[in-house]
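Features of the protein shown, as given by TrEMBL:
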TRANSMEM  A:7-24  transmembrane segment
TRANSMEM  A:30-49  transmembrane segment
TRANSMEM  A:56-77  transmembrane segment
TRANSMEM  A:83-107  transmembrane segment
TRANSMEM  A:119-137  transmembrane segment
TRANSMEM  A:170-190  transmembrane segment
TRANSMEM  A:202-218  transmembrane segment
TRANSMEM  A:267-288  transmembrane segment
TRANSMEM  A:322-342  transmembrane segment
TRANSMEM  A:354-373  transmembrane segment
TRANSMEM  A:380-400  transmembrane segment
TRANSMEM  A:420-437  transmembrane segment
Amino acid sequence: MSDTVKNSLLFALVFTLIILSGFFQGWNNAMFILNMGIISAIMALGVNLQWGFAGLFNVGVMGFVALGGLAAVLLGMPATPGAFAAGGAGVVLALLLGIGTLVAASFTYKRMPSGRNRNLAMMAILVFGFFAFRGILDPNVALIEAVNPAATGYLGGLNPGTDETYRDNGWIMLLAWPVGGLFAAGAAWLIGKAALGLRSDYLAIATLGIAEIVIAMMKNEDWLTRGVKNVIGVPRPVPYELDLQNSAAFVERAASLGFDPVEASTLWVKLLYALLFAVVLGIIFWLSQRALNSPWGRMLRAIRDNEVAAEAMGKDITARRLQVFIIGSAICGIAGAMMTTLDGQLTPGTYQPLRFTFLVWVMVIVGGSGSNLGAILGGFLVWFLWVQVEPIGLFVMNILTSGMAEDNWLRLHLIESAAQMRLMTMGVIMILVLRFSPRGLIPEK
Amino acid sequence: MDFLNAIVALANYVLIPGITYGSQLAIGALGVTLVYGILRFSNFAHGDTMAFGTMITILATWWLQSMGVSLGPLPTALLALPIGILGCIVLVLVIDRSVYRFYREQKAKPVILVIVSMGVMFVMNGIIRFIIGPDDQSFSDGPRFIISARDFKTMTGLDEGLGIRTTQVITVVTAIIVVALLFWFLNKTRSGKSMRAYSDNEDLALLSGINPERVVMLTWIIVAALATIAGTLYGLDKSFKPFTYFQLLLPIFASAVVGGIGSPLGAIAGGFVIAFSEVTITYAWKKVLVYLMPDSLEPSGLVQLMSTDYKFAVSFVILLIVLLFKPTGLFKGQSI
């Protein structure tokens, strides 16, 4: 059986599973799995670029995804009237001052001869800069957060519309996706500059840390993200269900196909999303595939497989790693912005490392690290399992405990905990794949 | 008098919590550093190993409480601790046999083992959530305070109270005992010496007839014990929540790396460095400064350098600084 046949069969299997879930659990649910599956596949492509191509161990995917979500809010939402006038200039000034402090400190570090004087000078710059930064930032943040705190209390975004009309500018979300990638790329540049020269374990710990910090920032900097109050009503690039239901032409067409208007509108919206996402996935897949087979991709794999030899050939290892780290993280950022668009809201409290970092890793490992097609397959398959393990677990538990009395404590506990089955299942799948099929479902060629 | 008040406030809000948290981190970091030294990978499942041991301890505590057993003024959990340690040892050894050993025999690259430990982390996390659920559990009993802030005020006549919680004293005492035992074991016993030899130079250790499987088994037993003790102490002091334990991974790694990964002494020093930085940077200093500054200079704000939610940022920044300027850590750990 040739590779093409095998791969097509694997993909056919996954899509059959999704279609089956449509028959059994409703098409709405199946479309949700499909949409999130595409987003997961994009995240997996990003991680595969870093791990599969270059052997970089990034466990901060969650942070880059969240930064993408931030971009969706900053572009999609309308500016809060009066908020920027209240404290915007001050915040910008404070941020510039903060950046200036860091630049000055690193300049001092590079230019002054090492010794006590340099340390003292750097300390002085950092301490003074920090207090000046906080001194300007805090009052201005308070001013911004005081603007209508119940409804906004943050700067808002760049959407040209007003509070009533901003939803009409849904096209802006399409811009937000690449901007999300840019945000993630910026963060990746910072972290990569600092940590890529070190060995792989340290990069893992550093990225783990940066992800937690990004989430802490999004939860606390209310002036930027509304924090745990969440931003809801992010506009969308596709029509709203209600508008569709009010349009006579749409209702008529739905009726002619035998759908009722409510169901038809939700499905149509999800289908449009799926098409948009599929286009993005297609572009990123095509680019990754080109990269994989280009001299650049071969160089990365050479660095991954034998660092010393690659260096001896005159390849700039750290620069190449930084490059691929930034690109991979940017892809995760794009996926994050798409996810926030799909959800229509930014909820910093829901970003969990197990779901957004480690699950993506399971996708890459299961799909086959180093293979783009594998990453996509892993994204769909593992996401499908992640969604379906819960009902399956409940079903299994119900069968296992069917002999027990209704109020047996063990039965109640087992049924109640069935929801927790998914973590264990993912872990077991990951360990088994690593052990018995370390190259994944679609191995690297 | 103002000066004394300032010192008491400082002790109450910074020193004592810092020492307690530092001891917990130190014991946690010892586990990470031992795994690194002997098995040569960063164990991402360590936070969940701590949570698993603590969970068994909690279950045993509940069982003991239902039998009416108690330790008087001390929390029952101390009596349940050996059961938790045993449970954790069993799990860790089973995982080592079924999962890690294969890669050891293959001589797999360390990063593969790190990824495998991610899988183990998922499984352990799943087991914990399956058995005890994802919610907060409080299992501390007995009197909460040795000296309450109010008693201290009436005793000394100062304006500031100094409250010492039972769990804080227990943490520090246990930590001292554990560390003393561990160092005695590593430095004085034959098995401990063979562990250190194996960590220093694997091939030479094998040549001199040290059984590697035995060393690895001993390591896991010690790591499981340390993890359970650290987890239980943390849980007694704060509360038990599986997700919090997962998040402890970052400060624990930071402690181990700051001290010099692979060096037990470094892990302890690193634990305290991280703990004190976290506490001092996220503490609102107004209370202390009010006593020290003249009235005219009294600070208007809270004088809090960073909100408590950014405590991860503190351990992270320290970690980065150490990695950039002194990659072997404070105590010359293995340069990796």
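Just so you know, glycine gets a Cβ as well, placed from its N, Cα and C.
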Check your understanding: Would the transmembrane segment (A:354-373) count as touching the transmembrane segment (A:420-437), if touching means at least three Cβ pairs under 8 Å and pairs must be 6 or more apart in sequence?
Key -> yes
Exercise for review: Count the Cβ pairs between the transmembrane segment (A:322-342) and the transmembrane segment (A:30-49) that lie under 8 angstroms and are 6 or more residues apart in sequence, then report whether there are at least 3.
Suggested key: yes
Review point. When you scan the chain for residues with a C-beta under 8 Å from the transmembrane segment (A:420-437), skipping those not six or more beyond its ends, what do you find?
Key: 354, 358-359, 361-362, 365-366, 382, 385-386, 389-390, 392-393
